[in-house]
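The structure under discussion appears below in the form of structure tokens.
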Amino acid sequence: MGKGTGSFGKRRNKSHTLCVRCGRRSFHIQKSRCSACAYPAARKRTYNWSVKAIRRKTTGTGRMRYLRNVPRRFKTCFREGTQATPRNKAAASSS
């Protein structure tokens, strides 16, 4: 049997599984390498010929649990656990 239409029904093994770094189904099982982010290599795989792909995966497209709070915390020089001073005099005199 050739590799054309008739043989596609016989394909049942997965060559790629989920990658632990990027989460995509791009980790090649036999090669042990991710085709999307190049895990386990230290440097993440990006190419400028795929600008749209970089735009999809860049910082700001996800939740940014930590990073979205940094500008607000920067205003107070990253102080934490202190009591805020009252803004108006009436609240300051009553307490």
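Using the three backbone atoms N, Cα and C, a Cβ is placed for every residue, glycine included.
Taken verbatim from Swiss-Prot:
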ZN_FING   19-37  zinc finger
BINDING   C19, C22, C34, C37  Zn(2+) binding site
Worksheet, complete the sentence: When the binding-site residues C34, C37 are compared by other Cβ atoms within 10 Å, fewest goes to C37
Item to complete: Just give the helix, strand and coil counts over the zinc finger (19-37), going by DSSP.
Response: 0 helix, 4 strand, 15 coil
Worksheet item: Around the Zn(2+) site (C19, C22, C34, C37), what further same-chain residues have their C-beta within 8 angstroms of the site's C-beta centre?
Response: V20, R21, G23, R24, S26, F27, S35, A36, A38, Y39, R45
